[in-house]
Each structure stands twice: as C-alpha cells, then as structure tokens.
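Working notes for the structure below.
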Amino acid sequence: MALSIMSSYASFRPFKPSSSLSSSQNIIRNFDENSKYHIRSNGDLTPQKDLDKYRDVLRKADPFDEGLKMIDAIQRLGIDYIFEEEIDKIIQSQSAYKFFREFEHDHHHHQDLYDVALRFRLLRQHGHFVPADIFNKYKDNNKGCFDTRLREDIKGLLSLYEASHLCIEGENILDEAALFSAQHLEASMTRLHRYDQYQAKYVATTLQNPTHKSLSKFTAKDLFGVYPSENGYINLFQQLAKVEFNRVQSLHRMEIDKVTRWWRDIGLAKELTFARDQPVKWYIWSMACLTDPILSKQRVALTKSISFIYVIDDIFDMYSSLDELILFTQAVSSWEYSAIEKLPDSMKTCFKALDNMINESSHTIYQKRGWSPLHSLRKTWASLCEAFLVEAKWFASRHVPKAKEYLENGVVSSGVHVVLVHIFVLLDETSLTQKTLDFVENMPSIITSTASILRLWDDFGSAKDENQEGHDGSYVECYMKELGGSVEDAREEMMEKISDAWKCLNKECILRNPAFPPPFLKASLNLARLVPLMYNYDHNQRLPHLEEHIKSLL
C-alpha cells in the first residue's frame, strides 16, 4: 500500500495544525471581526442578522471540505435543527454513488482517512448508502487487514472509529475497522497522556461515547470553551450553541413544570402510593427523543404516555393479584368501563386516566386530519398489558421461559412500541395516514430493534430504580437456566444481541422507508442512545451519570 494513502497527521500528536485547520481558523477570525454576536440577559438570540451570518458561512463553504466539517461541528453542538435547510443542501450536493466510484477508480490513494470516514459517516447518517468497501483501500493487501502504519494517524483512526458505528449486518469490514481503530487508539493513550491531557481526554471520550450512539443534548456542553478537537469549526459555532443551550434550558424547565402539575392534578401519585413518582425522569425520555425546540407540546404529551408505562409496570410488578391483573388486561383490551367494576379503586383510577390521555391525543389528530388514531393507540396499549400479563403469569407459576421466548415478549413489555407509536402520531407529519399508522402499529423492525436494545440493557445488570420493590424476569436468568452458562456468558451474549440490534436500527435509518419521516427516525435513534444512561445503575441502585446530566441541563 502506498504511504500517500495515510493522513498527513502521521504522528502521535493527533491535532497538529494543517491547511484544513488553518482554513477553519481563518473563517473564525473573519467571522469574529464582522459579527457582534452576543447574548442578552434574557438568553434571546440577537440580532437576527448575526444568525444569518452563520447561515451565510455555511452556504458559502466548500461542500466537499469545510461544509462537511461544519455539519459535524453543528451536530456535535446539538444545533443542527437551526440549519436544516443548509445542511440538506450540502448533503444533497454529495453523491454517494459518485463518491464511491471516484474513490474506486483513484489509483493514487491520496484520500485522507479522516476526510473519507467523515464523509462516509455523514452521508449514511442522512440516509445515503455508501458501500463500506471504500475502506478496503486502507487495508494491507498482503495481510488482508488494515495497514498497521495507520496507527500513527490518530485523527484518521478517530474518524474511522466514528464511522464504524454506522455498520449494518454483513459489513465485516466495519467490524474490523471498529476493532482496529479502538485497539490502536487505546494503545496511544499512554503516549498522549505524557504531553497533552486534553487530547488524551478527547480520545478517551470518543472511545466511550462515539457520536452516532451519543446524545448531543448531553455532550455538547463539554465542547464549550477552547476545545482541542480535530474539528476547528466547533469553536466557530459554540457561541451560538451557548445561546441555544440557555434558551432551550428555559424551555425544558417550563415543560417540566407543565408535566409535574399535570401529574399532581390527575392524583395517581396519591392513589398509587406503591408506584414510582418520577415525572422528571419520565420527561427526560421525551426531551432526548424529541430534540427540536419547536416540539414543546409533543414532549409534554409524550411524557404523559411514558408515565403510564411506568405506573402500569409497577401495578403488574408490585401491587395486584394475578386475578386483578387479568381483569385489568381485559379492560384495556375491551376499553369497556363495565370491565373495571371488580377492580380496586386505584386500578380504576389508573384505567380512567389512561383512557382520558389516549382520547385527548386522538382528538387532537381528529381535529387536524379528520380521522382518529384511537383504535391504533388502544390496540398498542392492550399489547403492552398483555405482555406484562405474560410475565406476571410466568412469575406466579415459577416458570422460566426459554431466552428467545422471553426476549420476544420483552420487546413488547419494554414499552418502546407504545412510545414510538405515540411519537409517530404526535409528530403529525404528512406521512401520517391510517395506512402508515397500521404499519407502525404492527411492530416493524425499527421498533423491534430499538426495543431489543432497551430490554437487553435493562436486564444487563438486573437493577431497579432506587427503593423499587417487586418482581421481574431477566434474560440472564433465562439464558443461564436454558444453556447452563455463567452470568458472564449471558452478558456476552446480550452485548452481541445489542450490537446486532444496532446494526438493524442503522439499516432502517440508512435505507429509509418512506413511511418513516426523518423526525421519527431520529426519535428512534435517540431513544436507543438514551438507554445506556437510563440503565447504568451503580451499586446503590442509583443513576449517577443521568443525575449529573439532569443537573447540568435543568
């Protein structure tokens, strides 16, 4: 392999200035000299003409160089919703087919690994399929593996590692890329620590939180200030990101106030004293899934549905007899008020509040569309309760199902199906029709893959919320009884399945079904991205990382 294929960053100092970085520094300098962008005390953006200057910089950027780096910076800072039109034009100017053909026929091997991997990642993220074969030219033909000389190119390895997380099933070369890049980045840490703690921290952070599987909502604040990233444009857009962070933070606080008042007003916290009372935590799911500030009403409405998933889960896990759970499930399947007459008052209250919430969501769509999603929403909630009931019967009879059977039911009992169906309805995109809703209702792979990620992460440590009692099954328990393996064997199998589920989810988001609008795809990805934070319990059954993020955001 010719040496010219490697990045010009052939040293263990990964962010050595280059012509590309100098270009970004010149743009930043020119922007600062011509703009008086600042933050008002109330957090508003001022003036509008300065926001237009940001857009103008993006419009004038070379789409094959600075434009892509700017998009990367904007996405990392979590302000891509401001520049949707400009980003779309830059991405559309790229041709995945042309990109591949040009690379395939280039016999000089001069492409920089960082640039190629960045372009590959951004095109795939925006629904343009680029074959993973483009990375074959970075392999040693004699050995059949990635050229070990690339280990010197820390910047390129970081970009390759980021790109590898958009792998779909059967792309062995991206599996190899992930292993190769991670191995050599980890090996570089000792040398990096000697002369630049910031750069070492950046590599460690990337290894732990690759962009595609992270939420910029939680990571963007770490980029504020002088950040030693490979992308100099982060410093250009961070002032705007700070303004937006403050503005959106105020919006989130207002939404939490609405959610907590609604939760108090419906009285379930007093009626169901055994159930979790965590409206802020429930809101975090909505905040993470629906990131565009304009979706304020949708976040509040989604949090209401999520609260019932938690409450009903606690009813099935901790409170009721099996006979009562059967009656409750029958009531949710028929939606007849006569079916709840024999239930305790607390379960009657829950049923009525759930029915009111579903009717409210359906009526909103009916007013806009002239048809109601009521039947679909009710059917989805009935499926959830039926899955909860299956688990309750397993526990009552001391039956431990086969691992496959447990996971198939667990995909439904995870509640992901309910959340994503509600999101699909709440987004109210032009693609929302009874036909597309029927399709989403019937558990397409974008839902089952996301649900598998949540169910397996939830079971990985078999932890519960602080102070929560009750009984739950676990994939670990089912696997060990069926196959006789150890806890470590079960967890290794679970991580493999999580990896496979991510590949399936990636495929759905890259090879896009017209039935799924981009905001729905993004919400599905964001749900999967939040899962590790929501289930990363410590030995005290607390979520310290999530609590830290909540404090910084709210």
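We count from 1, first residue shown onward.
Just so you know, glycine gets a Cβ as well, placed from its N, Cα and C.
Using a 10 Å Cβ-Cβ cutoff, Asp317 ((2E,6E)-farnesyl diphosphate binding site) registers 20 neighbours. Taken from Swiss-Prot, the feature (2E,6E)-farnesyl diphosphate binding site covers Arg276, Asp313, Asp317, Arg455, Asp458, and the record attributes it to similarity to another entry.
Positions annotated as Mg(2+) 2 binding site by Swiss-Prot, on the basis of similarity to another entry: Asp313, Asp317. Sequence-distant contacts (6 or more apart, same chain, Cβ under 8 Å) of Asp313 ((2E,6E)-farnesyl diphosphate binding site) comprise Phe388, Ser413, Gly415.
Taken from Swiss-Prot, the feature Mg(2+) 1 binding site covers Asp313, Asp317. DSSP classifies Asp313 ((2E,6E)-farnesyl diphosphate binding site) as helix under the three-state reduction.
Among the features that Swiss-Prot reports, Mg(2+) 3 binding site is placed at Asp458, Ser462, Glu466, with the record citing similarity to another entry. When secondary structure is read from DSSP and collapsed to three states, Asp458 ((2E,6E)-farnesyl diphosphate binding site) falls in the helix class.
Residues or ranges marked as motif 'DDXXD motif' by Swiss-Prot: 313-317. Model confidence over the motif 'DDXXD motif' (313-317) is summarised by a mean pLDDT of 93.
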Tell me, how many other CB atoms lie within 10 A of the CB of Asp458 ((2E,6E)-farnesyl diphosphate binding site), whichever protein chain they belong to?
-> 20
Give the number of CB atoms, excluding that of Arg276 ((2E,6E)-farnesyl diphosphate binding site) itself, located within 10 Å of its CB.
-> 20
